């Protein structure tokens, strides 16, 4: 709707460009002169009738003039220069004016009222005009600073200056809709930092005195950088300013239609930028360049300022190419640290994987880009042990390519050296293959398993001997590696090396010394199985015996999850699940799943807090597949399965037991008690009740978990009168309260090599004490023969 003034010449606000940015907004008679030069193409009486509103025709006997923010004129032919026309919008922030420097893509003109001249606008200001962000009284755009805001329809807002309100019979009305301005609110929006996100050392020539860089009226699209993150080129020269680029584009004649989409990828920087400003889609895929985008090209060349422009133009940060690699991965591969920093600040996904399962961290570690790896770890340390499709972690690639300093960095950041790849190699196998004894030494100091065997039965000593790496062979022998260990082909390390070589000599001497010592050592720890779970667990569980000749237990079937052998009607209906709608990591008090558990108990490392009740632990409800959160949210721990390195070993007094091969902090999930779920009535009929765990859920019928025939490593955990494990009921993929999962968490810090155990309970010992007594050996033992 068009807007008319009624005796407002003395209260008009006029925007006049001067030589300073700070301009006082004065009331003067210049409004009349300004209106005289306006292109008033909507002046006929028929048009005016159409433009008047009928919302309030009888309130005061006169009609209020309304805005025409949503009207357009035909293409401008007066006062323009074709495609060289710049946006005519002027921003007002508490008396400070700034002129837009963007190019106008469309020549249709707009204005907020008849009192303001017609304007050619850029796309952003055209959108602001339609949203009533331009004051009809003075024609200035109000996106920051203090102004009045009328909200007649809830979500719709009209912005104007207090002095620009329509006046009728000494009452003020909104100049946009004619509503009573007494209901309008004074709003103050903070001014955004107009400086570019990529800093510069040489700012170049100054901008126009009344101009600032185009800015978005909300938060900056890219986080601002700190001094230590200032972007510099590899040769030490400062990057050109974004302001200079934008001003240069204003002086450059665009030739529409002559630049193909391929120019995004193959063109030099000026044409590259010109194509972006000309409206080329920054997300177009280059068929001849593995379907990469312009952002891939800019990132691969290390042009941080171009990346910033593309992001501002709408480029997708995580668009993958044919190899599923993102622009961030391209920057990491080429070792452009500053570009990597910028893309991460802009929101690029650090954990994205390509077709081989590589992340940006894998690529950087493989190529030895120390600084890039260090920065990636500072932003996403949890990705340090991610495995690619071959099962290799970033440290595996750093080891293979002998990047010593990088290996030390990854170890210091917590890299797991005992993660197995697809062929069950650990990091020490790869160090033996590369032949770098310094790296092998560091891995052994980090408690990498010296006697780990892969699917071929090879230990690291086998690999080092086969590759003729003498330094590694000597190191492994000095650490006690078994020279008599045979692989699946029946070969010892001595059989794998070249006869007569220095490696052969070292192994042969060690073999003779070992044979002489073996007669003295009656009890040597024997590895009976490299993994009793047969690969069903993410972490292999070895079985060893240094006590007697008992073989590895084989009288049960190892299963990773509880099973049923009869119909129990467990409610797994997904529509019955209570679930959350979180978009964060489910750490807030509004998470529905956390509320079911009284609170979200897990910290950022997936551990229970020190104040978690061990006497009466609460029931935990983890997020499930009906939730809106990501699979990696904080409230998912037990469902992620076994993550602690455990070992099944033969004890001297309690048969088989379980010990940890790593230090375990308090509150850490260790393992689950898994078995066959049966009813209490069925449990009473079973002869052997040694592996029964009652699900004391106090809801409905009582059920038990019997791990005698079907179970996991939890079936071997012994009773301890001073337990270091705590049993907690947890619900994950269903919420049938009759069937909780039984999860064991560490009740205190546990040292590597220590046996783990929980309290079986007094009821168990009231039944069993007539058959045997507790052998835990604790000074506080309550169920030994001496305590009866």
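Using the three backbone atoms N, Cα and C, a Cβ is placed for every residue, glycine included.
Because TrEMBL annotations are produced automatically, they should be read as predictions rather than curated entries.
Features as listed in TrEMBL:
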type	residues	note
REGION	184-206	region 'Disordered'
REGION	219-238	region 'Disordered'
REPEAT	290-322	repeat 'ANK'
REPEAT	323-355	repeat 'ANK'
REPEAT	356-389	repeat 'ANK'
REPEAT	390-422	repeat 'ANK'
REPEAT	456-488	repeat 'ANK'
DOMAIN	578-641	domain 'Pre-SET'
DOMAIN	644-761	domain 'SET'
Folded-back contacts onto the repeat 'ANK' (456-488), same chain, C-beta under 8 angstroms, at least six residues removed: 423, 426, 428-429, 431-433, 435-437, 440-441, 444, 450, 494, 496-498, 501-503, 506-507, 510-511, 514
Three-state composition of the domain 'Pre-SET' (578-641), taking helix and strand from DSSP: 8 helix, 2 strand, 54 coil
Counts of helix, strand and coil residues, the domain 'SET' (644-761), according to DSSP: 9 helix, 49 strand, 60 coil
Structural state census, the repeat 'ANK' (323-355) (DSSP three-state): 17 helix, 0 strand, 16 coil
The repeat 'ANK' (356-389) - residue tally per DSSP class, helix then strand then coil: 23 helix, 0 strand, 11 coil
Composition by DSSP (helix, strand, coil) of residues within the repeat 'ANK' (390-422): 16 helix, 0 strand, 17 coil
